[in-house]
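Asker: According to Swiss-Prot:
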{"type": "COMPBIAS", "residues": "217-295", "note": "compositional bias 'Pro residues'"}
{"type": "COMPBIAS", "residues": "303-316", "note": "compositional bias 'Pro residues'"}
{"type": "COMPBIAS", "residues": "324-383", "note": "compositional bias 'Pro residues'"}
{"type": "COMPBIAS", "residues": "437-471", "note": "compositional bias 'Pro residues'"}
{"type": "MOD_RES", "residues": "M1", "note": "N-acetylmethionine"}
{"type": "MOD_RES", "residues": "K10", "note": "N6-acetyllysine"}
{"type": "MOD_RES", "residues": "S153", "note": "phosphoserine"}
{"type": "REGION", "residues": "1-27", "note": "region 'Disordered'"}
{"type": "REGION", "residues": "217-471", "note": "region 'Disordered'"}
{"type": "ZN_FING", "residues": "54-84", "note": "zinc finger"}
Amino acid sequence: MDFQHRPGGKTGSGGVASSSESNRDRRERLRQLALETIDINKDPYFMKNHLGSYECKLCLTLHNNEGSYLAHTQGKKHQTNLARRAAKEAKEAPAQPAPEKVKVEVKKFVKIGRPGYKVTKQRDTEMGQQSLLFQIDYPEIAEGVMPRHRFMSAYEQRIEPPDRRWQYLLMAAEPYETIAFKVPSREIDKAEGKFWTHWNRETKQFFLQFHFKMEKPPAPPSLPAGPPGVKRPPPPLMNGLPPRPPLPDALPPPPPGGLPLPPMPPTGPAPSGPPGPPQMPPPAPGVHPPAPVVHPPTSGVHPPAPGVHPPAPVVHPPTSGVHPPAPGVHPPAPGVHPPAPGVHPPAPGVHPPAPGVHPPAPGVHPPAPGVHPPAPGVHPPPSAGVHPQAPGVHPPAPAVHPQAPGVHPPAPGIHPQAPGVHPQPPPGVHPAAPGVHPQPPGVHPTPMPPMLRPPLPSDGPGNMPPPPPGN
C-alpha cells in the first residue's frame with residue numbers, strides 16, 4: 001500500500017489514515033474504556049459461541065470482538081429490548097404481599113369514671129424552687145395494672161386551642177378515665193431527688209412530684225434585724241483588709257496656708273444666752289499677755305464714728321537681726337530704744353548717748369552712703385510678711401475686726417487679762433504691748449500711710465520667722 005503519494009502525506013512519515021482505520025481505532029479505544037467500568041462477565045446476555053464470536057442473547061446479534069458487543073450494549077436497540085423485557089417480567093411476575101405492619105391491640109374495658117386527685121403547690125425555703133405534688137386515688141384499679149403518666153405538649157392535644165404557654169400532665173390507669181393537669185410550660189428539673197413517683201399498692205394511691213428549674217438565681221437573704229442594743233456582725237473582709245472606720249459627721253475643713261487646726265466644737269448642748277468673749281489660755285508666769293491686735297480698716301470698711309478714737313496701729317519691730325524682748329523683760333520707755341544683744345548698760349554716773357544716736361547692733365550693717373538714718377522716735381517700717389512674736393505668746397486669731405463705734409481702744413499701758421488671771425507688774429512700771437509703742441496721754445496716733453500698712457491675715461504666714469529661743 002502506497003502511503004507516500006497520498007494527499008496530505010509527507011516524505012518520511014506515515015500517510016493519512018483511512019476512515020476504516022480511524023473507526024477501528026475508535027472502537028478499540030471505547031472497548032478499553034468500557035472494560036474499565038463494565039464487567040462483561042457479569043452481563044446475563046453476553047455469550048461466546050463455539051466459533052469464537054460473541055452473541056447477545058437479548059437481541060440475538062453476533063459480534064466478532066468484545067468491543068463490538070460493548071458498543072451494542074450502549075446502542076438504542078439493546079436499551080429498547082431491556083425496557084421491553086423488564087415490563088414483561090413485571091407483568092408476568094406474581095404479586096407479592098406487602099409486609100404486615102405491627103398492630104397494637106387496643107384494650108377494651110368499661111370506664112368507671114375519673115379518679116380522685118389532690119394537687120399541692122410547694123416552694124423550697126432555701127432555694128426558692130417551685131414544685132407540684134400530685135396525689136391520685138385509684139381504689140378500683142384493675143389487677144396487675146400500675147398507673148402511668150406522661151407530659152403532652154399543647155400542640156398534641158385536640159381538646160383546647162394550642163397555647164405554647166401551657167403543657168399537660170396525663171395520668172392513666174384501667175378502668176379509670178385518663179385525666180390531664182394543665183401546668184405552665186416551663187422546663188422540668190429531672191435531677192435526682194427533684195422528680196419522683198410512688199405507687200402505694202395497699203392504699204391504691206399514686207404520688208408524683210416534680211420541680212421547675214430556677215429561671216433566676218435567688219437573691220441573697222438579708223440579715224434579720226436583731227433586738228436593740230445588740231451589734232450586728234462585722235461585714236466580711238474586702239481583699240483581706242478590714243473596712244475603714246466611719247468618719248465623723250462634722251469635720252472642720254483644713255485651714256488655708258498651713259495654719260494650725262482650730263479647736264473642735266463642743267458636742268454638748270449649746271449654752272443659752274449671748275456668746276461671751278473667747279477664752280484664751282492663761283499666760284506663763286512672768287509673761288504679760290499681748291494686747292489685742294486690731295487691724296486698720298481695709299477698703300470697703302466704714303471709718304469709726306466721730307468722737308471715737310481709732311485703734312493704735314500695729315507696728316512691728318525692725319527686720320531680722322534685732323530680736324524682740326525676751327519673756328519677762330519689760331520694754332523701755334517711749335523714745336528710748338533697748339540696748340542691742342551683747343551690749344551692757346552704762347554704769348551709774350555714765351551718761352547715755354545723745355538722743356537719736358543708737359549703737360549698732362551685732363549683725364546689722366551700717367547704712368549705705370547717702371541713706372539717712374530715721375529720725376528720733378520714728379521706727380522703720382516692718383519687712384513684708386514678718387510678724388515676730390514673743391515665745392509663749394499665741395498669735396492673734398485671723399478674724400479680729402475693728403472695734404464697733406462707741407468703743408474706745410485700750411489706753412496705753414493697760415493690758416487685758418485672761419479670766420481669773422491677774423499678773424502683778426513691778427510697782428510704777430506699766431509694760432507696753434509687744435510691737436506697740438505707747439503714746440503720751442492726750443496724743444492720738446496719726447493714721448498709717450497705706451505703704452506702711454501691716455500685712456493682712458489673708459497674706460498668710462509664709463514668711464513668718466520662727467520665735468527666738470528663750471534665754
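Numbering starts at 1 and runs along the chain as it is shown here.
Keep in mind that glycine also has a Cβ here, set from the backbone N, Cα and C atoms.
Provide an account of the burial state, proximal residues and distances for the features listed.
Answerer: Taking a C-beta cut-off of under 8 Å and a sequence gap of six or more, S153 (phosphoserine) has these contacts in its own chain: Q167, Y168.
Secondary structure of the zinc finger (54-84) per DSSP (helix as H, G, I; strand as E, B; remaining residues coil): 17 helix, 6 strand, 8 coil.
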Asker: Against which stretches of its own chain does the zinc finger (54-84) lie, if we need a Cβ under 8 Å and a gap of at least six residues from its ends?
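Answerer: Contacts with the zinc finger (54-84): 27-28, 30-31, 34-35, 38, 40, 43-48.
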